[in-house]
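Trainee: One structure is given below, represented as structure tokens, and several questions about it will come after.
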Amino acid sequence: MFNIIKTDFYIMKGSLLFVALYNILFPLMFHNTAVFVPILILMSIYVFIMGVFAVEERDGIQTLHKTLPVKAESIVGARYVEMLLIWLPASALQYLTCILLAKPSLWDGIYMLYSLTLAMFFLSFSIPVTYKYGQVKSRIPVMLIWIVGSVGISPLIIEGTGINVPILGIAAAVFAVLTICSWRISTSIYKKTLL
């Protein structure tokens, strides 16, 4: 799995630069970044993960995966691990930018958990859809999932008034379980595409 992740990051190095720059520059544009930070982090994950799927589909990487002694669980699991590997630096860059510029931000454990919950929501639905229909056919449904996950839910937390900590904790636990189920479903779908 480590080599798959390393290869994906090498292939997507241009997107990583975009993700880093956007996460540094975006907080400069708004006075209150509390609502926009989780949306931007989710967009960073979307750009990277969907970019990896696009490259794999374009280059026919699944044909190569059939010949390699790599388990389908590792290939699919790499996408979920990559989500965390994009989420962590994106969160850190935005947090540091807000601190350095003395921007008012409500970045604390609650907002970190909120952005992670949004990321799990996004991946739980988008990765199985992408494996089932391919990157090209699933672009619109995945974009709708991104819009529902970010724009549809984020207004609830404007100025921090909509976050209920116990409900957020329960939602995070539910989406963690859903992400694990999604990984199993995605693995099953991926195995069928290899046949």
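Heads up, the Cβ atoms here are built off N, Cα and C, so glycines get one too.
Just so you know, TrEMBL annotations never went through curation; they're auto-generated.
If you look up TrEMBL, you'll see 9-29, 35-55, 76-97, 109-128, 140-158, 164-185 marked as transmembrane segment.
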Trainee: Counting Cβ pairs under 8 Å that sit 6 or more residues apart, are there three or more between the transmembrane segment (9-29) and the transmembrane segment (109-128)?
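Mentor: Between the transmembrane segment (9-29) and the transmembrane segment (109-128), contact is absent.
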Trainee: In the same chain, who gets a Cβ under 8 Å from the transmembrane segment (164-185) while lying at least 6 residues past its ends?
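Mentor: Distant contacts of the transmembrane segment (164-185): 76-77, 80, 110, 113-114, 116-117, 120-121, 123-125, 127-128.
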